[in-house]
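Undergrad: Reproduced below are the annotations present in Swiss-Prot:
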- Asp207: active site, proton acceptor (ACT_SITE)
- Ile83, Gly84, Glu85, Gly86, Ser87, Phe88, Ala89, Lys90, Val91, Lys106: ATP binding site (BINDING)
- Asn212, Asp225: Mg(2+) binding site (BINDING)
- 10-34: compositional bias 'Basic and acidic residues' (COMPBIAS)
- 38-56: compositional bias 'Low complexity' (COMPBIAS)
- 77-331: domain 'Protein kinase' (DOMAIN)
- 1-57: region 'Disordered' (REGION)
Amino acid sequence: MRPLPDQSAFEDKSELVSKKQKNEDENNENRSPETPRTPKVCPKTPTKTPLRTPTKNQAGVQFLTQKKRTKSCSSHFEYINQIGEGSFAKVYKARSFVDGRLYAVKKSKKPIWETSERNQHIQEIENGMKLGHHNNIAQVMCAWEEGGHIFIQMELCERGNLKDALNLAVQEEGGLGKLPEYMIWQYLCDIANGLSHVHEKGIMHLDIKPENLLFSNDGVLKIGDFGVCSTTTGGDDSEGDQIYMAPELLNDIHTPSADIFSLGITLYEMATNYNLPQKGQWWRNLREGKIPFPENDDSISQDLKDLIILMMNPDHTKRITIQSLLKYDKLQSVITLKRSTSTLYRLQRKLF
C-alpha cells in the first residue's frame with residue numbers, strides 16, 4: 001500500500017478544520033437566499049439571431065428558436081419556485097401543462113447576444129443532447145429561446161445536491177459530522193457510472209463538484225450542469241470551480257483525467273468534510289500529492305484513502321482512469337451489491 005502523504009503539509013490547522021467546527025460561524029453564510037418572485041410567462045419579443053444548433057437529435061431532444069414557434073414555450077409551464085442559481089442562469093421548478101409532470105427549467109439571467117456567452121449555453125444544450133438518457137445523468141428534455149433568453153427543460157432532481165447532503169451531515173446531532181463511509185462508496189458508484197458515460201461520449205465535464213451532483217426522487221445521484229464541459233477533440237479552454245480544479249488545467253492541458261481529479265477531491269471532501277481551500281499554500285499542497293487525513297480517525301478506511309490518492313495524483317498521465325476506477329475491488333463489490341438489490345426490488349414489484 002502507498003504510504004500516507006506528509007501530514008506536515010497542513011501544519012497550520014487554522015485554515016483546515018471540519019465543517020462541523022465552523023458550522024456556527026458560517027451559519028448565516030450557508031443559509032439559502034430568499035426565493036425571488038418568478039416570472040409567469042417570458043416575453044415574446046423577437047430574437048436578434050436564431051441559435052444555430054440541431055433542432056432534434058437521436059435522443060429526441062428538441063431546440064426551438066423563436067422563429068420556429070407559433071407561441072411562447074414558457075406558457076406551457078407553471079413556474080412554482082426558484083430552486084437554484086449559477087453564474088449565468090437561474091433554475092426553476094415548473095409544472096408542464098402538456099403532461100402535468102414536474103421539471104427543472106433553467107433560464108439565462110439576461111438576454112444572450114454576446115457570442116461567447118451564447119456558445120456556452122449552446123454547448124450545454126448540445127452536450128445534453130449528445131448524452132441522451134442515462135440513469136446517472138440529469139437528462140435534458142428540450143430547449144428554446146425567447147426574448148434573447150435561453151431556456152433548458154431538464155429532469156427535476158428535487159432532493160437537492162451532494163453539497164446539501166454534506167451540510168446536513170454536519171448538522172446531524174450525535175453524528176460523525178460527515179457522511180458514513182458506506183454511503184460515500186454508494187454515491188461514488190453512481191457518479192463513476194455517470195462519468196464513464198460522459199467520457200464514452202467524448203465529453204469532459206470539467207466542473208465535477210458537490211453542487212453539480214444531484215439527487216433524484218429515488219435517491220440516485222446524477223451528474224448535472226454541463227455548461228462548462230468540452231469535447232475531447234475540441235481544444236476548449238473551459239475550466240470550472242477552482243476549489244475542485246485539476247492542476248494541469250493551469251497549463252491548458254484538457255483531458256478526461258481532469259474529471260477524475262475533481263471527483264477525487266470531491267471524494268476527499270466527503271470523507272473528511274474539511275472546508276477545502278480556494279487558493280494559497282493548502283490549495284497547492286493538495287495538487288502536489290500532499291493529502292493529509294484526520295489523525296486517529298478510523299472512520300476512513302485505508303481502501304478509501306488509497307483510492308483518493310490515486311485519483312488526485314498530480315501527474316494526470318499516472319492518474320487512475322475511469323475504467324480502472326470502475327474495476328477497483330471495493331467499488332466492484334458495491335456495484336455488485338447495488339445491482340443485486342435493484343434486481344430484488346424489481347422482482348418484488350412484479351410478484352407483489
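Positions of Cβ are set from backbone N, Cα and C atoms, glycine also.
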Undergrad: Among the recorded positions listed here, Glu85, Asp207, Asp225, whose Cβ has the fewest other Cβ atoms inside 10 Å?
TA: Glu85
Undergrad: Return the count of C-beta atoms lying within 10 angstroms of the C-beta of Ile83 (ATP binding site), excluding that atom itself.
TA: 18
Undergrad: Determine, to the nearest whole angstrom, how far the Cα atom of Ile83 (ATP binding site) is from the Cα atom of the residue listed as 'active site, proton acceptor'.
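TA: Here the two Cα atoms lie 20 Å apart.
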Undergrad: State the Cα to Cα distance, in Å, between Ser87 (ATP binding site) and the residue listed as 'active site, proton acceptor', rounded to an integer.
TA: 13
Undergrad: Judged by the number of other CB atoms within 10 angstroms, which among Ala89, Val91 is the least packed of the binding-site residues?
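TA: Output over binding-site residues Ala89, Val91: least Cβ neighbours within 10 Å is Val91.
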Undergrad: What whole-number Å value do you get for the CA-CA distance of Glu85 (ATP binding site) and the residue listed as 'active site, proton acceptor'?
TA: 15
Undergrad: Ser87, Asn212: which of these binding-site residues has the sparsest Cβ neighbourhood within 10 Å?
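TA: Minimum Cβ neighbour count within 10 Å, taken over the binding-site residues Ser87, Asn212, occurs at Ser87.
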